[in-house]
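The next block holds one structure in the form of structure tokens; read it before the comments.
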Amino acid sequence: MSGETTRLTEPQLRELAARGAAELDGATATDMLRWTDETFGDIGGAGGGVSGHRGWTTCNYVVASNMADAVLVDLAAKVRPGVPVIFLDTGYHFVETIGTRDAIESVYDVRVLNVTPEHTVAEQDELLGKDLFARNPHECCRLRKVVPLGKTLRGYSAWVTGLRRVDAPTRANAPLVSFDETFKLVKVNPLAAWTDQDVQEYIADNDVLVNPLVREGYPSIGCAPCTAKPAEGADPRSGRWQGLAKTECGLHAS
């Protein structure tokens, strides 16, 4: 891919975020994605264009997916065929998650951008010692998730996430649209108001791909060493970083 990235200035992005928050209060997920596409879909993009399976699309926003399911991917692809979808390949994912990523790229009209850290797991072990995730999980997440994502998002004016308010107490007030103070771009959360029932109904009605681990009792899926099955009825994210003073990986700090 070739070409120059076109990204709006921070004042422009802040203004658009405020406008979107006002205009989209109570909007459906599809309406939010349409607004995102109308606002950011044709003003330049990473590398001057992203190749979709069935053609080329120029897009100045990106969708992020942890590959737990393809609900957001399905919604976004219907609005913008060929939309770029970021997957943070930390090197620690379950085999099932990698398989879901590959299946999603095959089934949906999207382009999966496989984003990797600067160092492989083996290189990180050599530099910082084995199993950094157990000794300093915040630093491990920073190196393998936050930094790589930040570098990738520099090429875009907005990112779309699957963040939901019911996921955890830390996400209870997640806005639909905001300016992301961490990555300095517009952040859109089309599923923020969705309940678990909303997700399940959409999956059933649209035959959406789901990570096999979800069926096995993992409602929140991250890196394999830091993900366990939560107790029945517990916070869905309580299986993440069990025994550690950590509840978020740092991607959704703002």
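Glycine too: its Cβ is placed from the backbone N, Cα and C atoms.
If you look up Swiss-Prot, you'll see Ala64, Leu88, Gly162 marked as AMP binding site. Per Swiss-Prot, the feature adenosine 5'-phosphosulfate binding site maps to Ala64, Leu88, Gly162, Asp167. Marked as [4Fe-4S] cluster binding site by Swiss-Prot: Cys140, Cys141, Cys223, Cys226. According to Swiss-Prot, the active site, nucleophile annotation covers Cys249.
What Swiss-Prot annotates, mapped onto the structure for a quick look.
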| residue | record | Cβ contacts under 8 Å, 6 or more apart |
| --- | --- | --- |
| Leu88 | AMP binding site | Ala64, Asn66, Val115, Arg144, Lys145, Pro148, Leu149 |
| Cys140 | [4Fe-4S] cluster binding site | Leu132, Phe133 |
| Gly162 | AMP binding site | Ala64, Ser65, Asn66, Ala68, Val71, Leu72, Asn189, Leu191 |
| Cys223 | [4Fe-4S] cluster binding site | Thr90, Tyr92, His93, Phe133, Arg144 |
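For the binding-site residues listed here (Cys141, Asp167), the lowest count of other CB atoms within 10 A around the CB belongs to Asp167. Between the alpha carbons (Cα) of Cys141 ([4Fe-4S] cluster binding site) and Asp167 (adenosine 5'-phosphosulfate binding site) lies a span of roughly 19 Å. In three-state terms derived from DSSP, Gly162 (AMP binding site) belongs to neither a helical nor a strand segment and is classed as coil.
The sparsest Cβ neighbourhood within 10 Å, among the listed binding-site residues (Ala64, Cys226), is found at Cys226.
Here the CA atom of Cys226 ([4Fe-4S] cluster binding site) lies 17 Å from the CA atom of Asp167 (adenosine 5'-phosphosulfate binding site).
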